[in-house]
Amino acid sequence: MAAAAAAAFSSSAPSPTSPSRLTTVSSSSLPSSLSLSRDFHKAQLQAQFKSSPRRNLCVCASSLPPSDSVVTLLDYGAGNVRSVRNAIRHLGFQIKDVQTPADILNADRLIFPGVGAFAPAMDVLNKTGMAEALCAYIEKDRPFLGICLGLQLLFESSTENGPVTGLGLIPGVVGKFDASNGFRVPHIGWDALQIAEDSEILDEIGNRHVYFVHSYRALPSEENKEWISSTCNYGDTFISSVRRGNVHAVQFHPEKSGDVGLSVLRRFLLPKSFPPKKPTDGRASKLAKRVIACLDVRANDKGDLVVTKGDQYDVRENTEENEVRNLGKPVELAGQYYLDGADEVSFLNITGFRDFPLGDLPMLQVLRNTSENVFVPLTVGGGIRDFTDSTGKYYSSLEVASEYFRSGADKISIGSDAVYAAEEYLITKVKTGKTSIEQISRVYGNQAVVVSIDPRRVYLSTPTDVEFKAIKLTNPGPNGEEYAWYQCTVSGGREGRPIGAYELAKAVEELGAGEILLNCIDCDGQGKGFDIDLIKLISDAVSIPVIASSGAGAAEHFSEVFKKTNASAALAAGIFHRKEVPIGSVKEHLWKDGIEVRI
Ligand code: 1PR
C-alpha cells in the first residue's frame, strides 16, 4: 500500500506544465469576492450553477492576482484533495503543488490535506524527504494548515495499523475511537466544537457545526495542552484543532463544511484581513443528524444524463412513450441542494451495474463540475466492481473507485458487488482482501466506503419460515402476515439474492464498510414514510452509521425515523426534486422537535 501511495504521489502530482498549474481562475474566484456578503455569495453561486457549461476566464498577465495569492499544496496522491483544491480556487487563490522538499521550504503558506491511512502517508513523507522539510518548515513557524490526517501526522505516533511513528511535533498518540460505548465509528458528520482559545482561523465558527469524517483521533493531555485550540466531544473529548503561532491544523474538513468551513480557509489564507473576532450565531451542541439529498442519475432515451426518480425503482413514466422520468440536471440540482442546506449530496449512477463507469465520462464530469462549487460531502455510487472491457483489459474496483475520488467524490457507494461479496464471505468466513469493500477501504479508509442496500420485503406467516433474520412487522402484510424478512437485490432491484439485509449489513461491516445506505424498494417514491422496522433492525445490528432512505413524504417522517431508530442520517429524493418539502423546512421541523441538525 505504501508503494501504491508512493506511485500515486508521482503520478498524481501535476507536472509543471499540467493545466492545473496554469493561472486560470474563474471570474467568481478573484480576490474581490472575498469580502462579499453571504447573501451576495449565495446569489453568485446560484448564477454559477445555472450557467452551463461553466465559464472559466483565462486571466491575462495584467489581471493576475498578486504573488501572495499562491498557496502551496502538499498532495501525496492518496485520495481526494480535489475538494481542497476547489475550495482554495473558489477563494481566489492559485495552487502550487509540492514537487520536491524544497517547495515546502520555499512556501509562503502551505496546506497539507492528509488523506488515507497514517502509515502509508508517513512512508511517502519519509521516502521523499518531505517529512524532514515539513518539520523544518513548521519549526520555523511558517504559515501551515494541516487537515484531518494532516493534523494527526503532527503527533508522535498512531495506533492505525501500528504503532507507526509520526512527525513528532506534538506530544501524544493518535488512537481509534472506542465504539464500545455506543458511539458509532467512523465519526461521520457535522459536530460542534468547544473552542478553547482564540484561534483566529476558527473565529467565525462559533456555535455552528463542522464536518468530520475519521476513525482515529488525538486526545488532549498535559503535554499537548498548549497546542489545543478546540476540542470536540464524541464519546470522549478529542482534539479537533491545534494552533501554535502560524501553525494550524484541524481534524475536521473545512473544505466540506460549507460557508463555515470556507471561513476557516479564508482566515488562514488572509489572516490580516479580518477583525479579531466576528460575532457568530448558531446552536450546535453535538453531532447532528444529517439530511441528505439523493440524485439518481442515468442517461435518458436521448442519451442525456438526467436526474430521475423511481416509483419502487421503476423510473419510467406511466405513459405510452414510457420515457425515463426527467427531474432535472444533476449539477444544477446538486448545487441548489447545497445552497438549500443539504448536509451531503449523493449521486447514484443507477445503470452503473450494466455500464462500465469509467466509460461514463458524463457522470465523471458531473462530479467534477459539482465539486467545484459544492462544499459538503459528495457520495457517488453505481458500477463499482472489477471489470474487464471488450478488449480484455481488466480494471479493479479500486481503479474504478479511484477515478470517482479523483473526480470529486468523498465517499463511494457499492451496491450489487457488496451483495456478492457478503454472500461469499458468509459461506467461506474468509476475508480474501480482494473484495471491492476491502480493497477500497484499505487504501482510502473505511469512512470512504458506503454500502448501498436495496432490500425488498418478503412477508411471512411465521418467523421460522426462512433462514434469514425475520422481524415482527408493525403493520401486517397484505394477507395479514405478521412477519417479514428483507431480501437483498442486485442490478437495481431486478434480481433477488439469497441473503437478507440484516446478514448483509453485518457482513459488510466486518469486511470494512464505513457506512450503510439503507434503501427499501417497497417504500421508494411512495411518500408514506421510511420503513421504521427495517431501519431499526439494521441500525441496531451494526456500529457503523446507517443512512435511512426511501419513502420520505413530509418533514414529520424525518423526525419519526430519528426518534424511533438509531439512523445517523436520512436521505430523500422525490420530495426535494419535486419541491414538495424544502430541505430548510425539514431541518426547522427537526430542530423544533428537539433533534440536533445543522442549520
Ligand atoms: O449496484 O453498485 O451498480 O449500484 C447501483 C446503485 O443505484 C445502488 O445504490 C442502487 O440503490 C441504485 N439504483 C439502482 N436502480 C435504481 C432505481 O431506482 N431503479 N436507485 C436505483 C435507488 C434509491 C434511493 C432513492 C431513495 C429515496 N434509488 O437512493 O433515492 O429510495 O427516494 P424517495 O425519497 O423518493 O423515496 P451498483
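Just so it is clear, glycine is given a Cβ too, placed from its N, Cα and C backbone atoms.
Under the heading region 'Disordered', TrEMBL lists 1-24.
Positions annotated as domain 'Glutamine amidotransferase' by TrEMBL: 73-268. Taken together, the residues of the domain 'Glutamine amidotransferase' (73-268) have an average pLDDT of 93.
Residues or ranges marked as active site, for GATase activity in TrEMBL: Cys148 (among others). Residues near Cys148 (active site, for GATase activity) in space but far in sequence (CB under 8 A, at least 6 apart, same chain), listed by position: Pro113, Gly114, Val115, Val213, His214, Val250, Gln251, Phe252, His253.
What TrEMBL lists as L-glutamine binding site is Cys148. In the three-state DSSP classification, Cys148 (active site, for GATase activity) falls within a strand.
Sequence annotations record features per position, and here TrEMBL assigns active site, for GATase activity to His253 (among others). His253 (active site, for GATase activity) falls outside any helix or strand according to DSSP and counts as coil. The number of other Cβ atoms within 10 Å of the Cβ belonging to His253 (active site, for GATase activity), over all protein chains shown, comes to 24.
Counting Cβ atoms from all protein chains shown, Glu255 (active site, for GATase activity) has 30 others lying within 10 Å of its own Cβ. For Glu255 (among others), the entry in TrEMBL reads active site, for GATase activity.
According to TrEMBL, the active site annotation covers Asp296 (among others). Residues near Asp296 (active site) in space but far in sequence (CB under 8 A, at least 6 apart, same chain), listed by position: Val307, Thr308, Lys309, Gly310, Val315, Leu348, Ile350, Ala573. Look at Asp296 (active site): DSSP puts it in a strand.
What TrEMBL lists as substrate binding site is Gly383, Asn519. Listed in sequence order, Ser452, Ile453, Asp454, Pro455, Ser549, Ser550 are the same-chain residues six or more apart from Asn519 (substrate binding site) with CB atoms under 8 A from its CB.
In the three-state DSSP assignment, the secondary structure recorded for Asp454 (active site) is coil. Taking all protein chains in view, 28 other C-beta atoms sit within 10 angstroms of the C-beta of Asp454 (active site). According to TrEMBL, the active site annotation covers Asp454 (among others).
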Exercise. Taking the Cβ of Gly383 (substrate binding site) as the centre, count every other Cβ atom within 10 Å, in any protein chain shown.
Key: 26
Quiz item: What active-site residues in Cys148, His253, Glu255, Asp296, Asp454 place CB under 6 Å from ligand 1?
Solution: Asp296, Asp454
